[in-house]
Amino acid sequence: MRLHPVTLLFSGQKETESKFKKQYFSESLPQFRFAFLLLTILYAGFSIVDYLYIPNRLTTFLFIRFGIVLPLMAGTLFLSYSQYFERVWQGLLTLCYIVAGAGISYMLILEPENFSYYGGLMLVFAAGYFFIKLRFLYASIAGWIVLIAFIVGKVIAQQTFSELLVISIFFFTAMNLIGMFGSYYLEYYSRRNFFQHQQNLEQQNLLNEAHQNREKEIQQRTLELKQRNNRLEHELERSRIIENELIRVKEKAEESDRLKTAFITNLSHELRTPLNSIIGFAYLLSDDDIEQKERFEYQRIIHQQTDQMLSQINDIVEISKIESGRYEIDFVQCNLKNICQNVTQTMRKQLLPEVELIIDEKSENQIIPDVKTDCDRLTQILKQLISNAIKYTQKGEIKVGYSINQRERLLQFYVSDTGIGISEENRQKIFQRFTKLDPFAQGTGLGLSICKALIEQMGGNIDLESSPGNGTTFRFSIPYAPVETTVS
């Protein structure tokens, strides 16, 4: 490490000097700001001494403090938040040091018998050398300028060297020398630590480079062995792939048989009930002796069972289309508020007398712009979730809520009820096909499976919160596009 003995600059190492200055600035900036803020407050606070003990020169002293020194210090502190401050900060601090010291020196020239200002000048020296992060060379220049200005001013004002002047010169000179030595060694050790750190980094980089070269050599030596092994592994992998494919095909065939059997069993069970009702009541209608009122009731039951069977068939066709990939998502312009209002208005016809279907007030009061999504699929999902809630809610309320997450471009919905709730065991299989919590409830048990499949095909997800006796809340989110966006 080569440092200039006076300036402490790195000799012949411009890049190292530049790096040191940048690091010194970044590490010193927080302390400088705190120091300058504190010194500004103290410099202003000492105006109380002016007011109490020097009333005859109060105007002059206040002008020095608040008209010259403090504006310069405040401006420097303010400028420290500028990107250009790094270029000029040492020069500005030197100027502030000189101006603040000259201000106190001038006060001492005017009021030589007031010893509080001697202490003030000592504080200026201490702050300049140790507190405001001024480097050695700048601090030394500023300190001696202040001291010389003080001596010259006192001699001119007094026309003689008084005993007090000699003593003050002795103490101020001693303070300057102490400050210089302290500042010198602080900067010296700071530069030494920086240089050692840079050396360590360079050595570490050399070690890393050597390590990387060694790694490359090892990799090169093992490359041939790997190539040989790869041929063997390729053959083994090919054998494993063929074996796994055979196992997968076998399992898929078995799963297909199982699902087909389960599907046929469920289908026959679900269709048999409404079909038996239709056949039975159709047979009763053939009786000419039944009353007109009974005839209308039988016809109503036949229509109801026909609708139920058609709904079950539609569910089966729907899940088949989704799973076969023949379902297309059509993004069109939608209004969430209108969709939810239309869905709830339609579904209220299915409610029991003691159940209320409402839309969350927070959702109603939101201002949500039109968006692009698949309105028909969204309506289908909401109807299915509300229908599911109606089946298991005997009294209380069913609430529908919605919101928009514009940052992630997600539409978020929930359907909550005060129904019987779902146990932990059933929550694990609620989205499986042909799953019904109540075996006597109407439906194929495909509704929630269809909902989940549609939501996932639209790029969203669904989950639920529930416990027995405390109702159930289904939450789902789907992506959307702004209206002005073209969706492919």
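Even glycines carry a Cβ here, placed using N, Cα and C.
Automated prediction, rather than curation, is the source of TrEMBL annotations.
Copied over from TrEMBL:
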| type | residues | note |
| --- | --- | --- |
| TRANSMEM | 34-54 | transmembrane segment |
| TRANSMEM | 61-82 | transmembrane segment |
| TRANSMEM | 88-108 | transmembrane segment |
| TRANSMEM | 115-132 | transmembrane segment |
| TRANSMEM | 138-157 | transmembrane segment |
| TRANSMEM | 164-186 | transmembrane segment |
| COILED | 201-235 | coiled coil |
| DOMAIN | 266-482 | domain 'Histidine kinase' |
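Count of Cβ pairs under 8 Å against the transmembrane segment (115-132): among 34-54, 61-82, 88-108, 138-157, the largest is for 88-108. Highest Cβ pair count under 8 Å relative to the transmembrane segment (88-108), across stretches 34-54, 61-82, 138-157: 138-157. For the domain 'Histidine kinase' (266-482), the mean pLDDT of the prediction comes to 81.
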